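Q: The following block contains the structure, expressed as structure tokens.
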């Protein structure tokens, strides 16, 4: 069927002692993420104030620059995931991007400390130009590059510590890891939005950035100390390159006829394969199978079935070995495993896209809601709470609820559903999407109350009215973010797990960019519809804007998006699930697959025996 030149290695360095792998090395990762997020999340929350008060941007400019920073940071998780899958170990990739983040913090400290490097107020939408603008954007986006790269590989480094031999136990361990991973982020974020934000706004922005750089450096030291305990994955072939090869080969083989026997598609079967080599993926008809059944049940249009049938057939053509050629390159002929990897990633994309609107809502809590807080009563007894510290409320909720979820909710639901993680990944994501819509509706109502009190009674509403929608959104984030990370790690092909896990952050990135686009678009449209020709979010006076209408627009959009998510979540079939009942005609294919699996098991045993002899 072929030689071994296309074999993709997704190997792990043999463990030298029993201390490697398991939960012990993950504690170094938890410590690193706790410290790193002290600075990163504090800046996520307070940058909008920094841009407005120190860099003198207007309301829309400060919000847009903040969301662009966050969008870029989470977009660059793809780069971190790509490098750690293909070129460097996950630990070394983390340390590399950590250096970029340290450089970014250093430049932020310099500009925030020396007034000569800061712009003067000018009354325009932006006051920073020339060299000052270059310094600002260099520091901000170096920080984004470092933070994004770290988050693109560190979750997979932790999940790699658990053996995949027992799928049920592995699923439990990975689920627990991601819950504690989120808890470490939450605790660090809680410290950041209270202590660091207070220092930045009351003592000095340079002092706040100094705390951030110290915590970042300490976190990198801690994650490095865990090196003797890590189960280390050896980088393999570029996952993006493998995907691109399939797409190019499928296009070049467009006119080639598919064989009626799918087992004639190209695959590598080497009986002397290393026991560390990635398992082959059997051929599936996953697009057409599910849609064929649901088309019969009239749950989806048969047009959708036809589209998926075409997609399935086109991708399969990348593995068709044409006659008359002695040797074909990787850009003309791909293995069935490569084709199946692309199918898996393609099937996950609608789930990813369905979570973008929720992250657009999250962006408002980190920009507009913070600016709302500056116009509210911040007093808590004799202590004034900085507006940028209000997100500590959902973080406290999450810090309490994550252990409850892990120790109470999951065991109870495991008994009820029989699922190793209590509820499925997609059910967990769905809960979060519903809660995010509720959060936006409440946010609009709170803004109506705030404006009414201020404009009609000259009274500042308590800052803690914002806690209602913040708390609900915090619970939503607990469900959705962890659900997405688990989903992408567990469903992805073995050689693409870092890249795939970073997709959960890619959703955040697109959500932040979409927030910036929404602000501009809403202002553009509503300025033509209002009597005073001013958009809902235009100007510096929030008491004359219509932020509540923007919140309610996002709430309605979130509900529509949830309907779209239910469609795709209902369609998605987990890669580890067995065939559905109405596909019994595929039984011959299943028997062949079982035979292939048995051969691979024998090959693995023989390979392991040879390694022991050597």
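A Cβ is built for glycine as well, from the same backbone N, Cα and C atoms used for every other residue.
TrEMBL does not curate its annotations; it predicts them automatically.
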Q: I'm validating the feature mapping. Which of 325-345, 388-408 is tagged transmembrane segment in TrEMBL?
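A: The listed stretch tagged transmembrane segment in TrEMBL is 388-408.
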Q: In TrEMBL, which of 351-368, 369-386, 531-548, 585-602 is labelled transmembrane segment?
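A: So the range that TrEMBL calls transmembrane segment is 351-368.
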Q: Count the CB pairs under 8 A between the transmembrane segment (351-368) and each of 134-157, 177-199, 205-223, 549-568, then give me the winner.
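A: Looking only at 134-157, 177-199, 205-223, 549-568, the most contacts with the transmembrane segment (351-368) come from 549-568.
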Q: Is the transmembrane segment (23-49) packed against any residues at least 6 beyond its ends, judged by a Cβ distance under 8 Å, and which are they?
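A: Counting only partners 6 or more residues beyond its ends, the transmembrane segment (23-49) has Cβ contacts under 8 Å with 62-63, 65-66, 69-70, 94, 101, 105, 140, 143, 147, 150, 154, 157-158, 161, 173, 177, 180-181, 183-185, 187-189, 191-193, 195-197, 200-201, 208-209, 211-213, 215-216, 218-220, 222-223, 225-226, 229-231, 366-367, 370-371, 374, 387-389, 391.
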Q: Which stretch from 134-157, 177-199, 205-223, 429-448, 468-489 shares the most C-beta pairs under 8 Å with the transmembrane segment (69-88)?
A: 134-157
Q: Near the transmembrane segment (388-408), which residues from the same chain, at least 6 beyond its ends, have a CB less than 8 A from one of its CBs?
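A: Answer is 45-46, 48-49, 176, 179-180, 182-183, 186-187, 189-190, 193-194, 197-198, 200-201, 365-366, 369-370, 373, 463-464, 466-467, 470-475, 477-478.
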Q: Would you kindly list the residues that approach the transmembrane segment (177-199) from elsewhere in its chain, counting only those six or more residues past its ends and only Cβ-Cβ distances under 8 Å?
A: 23, 26, 29-31, 33-42, 45-46, 155, 158-159, 161-162, 207-208, 211-212, 215, 386, 388-389, 391-392, 395-396, 398-399, 402-403, 405-406, 478, 481-482, 485-486, 489
Q: Relative to the transmembrane segment (468-489), which of 95-114, 205-223, 429-448 accounts for the most Cβ pairs at distances under 8 Å?
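A: By the under-8 Å Cβ criterion, the transmembrane segment (468-489) pairs most with 429-448.
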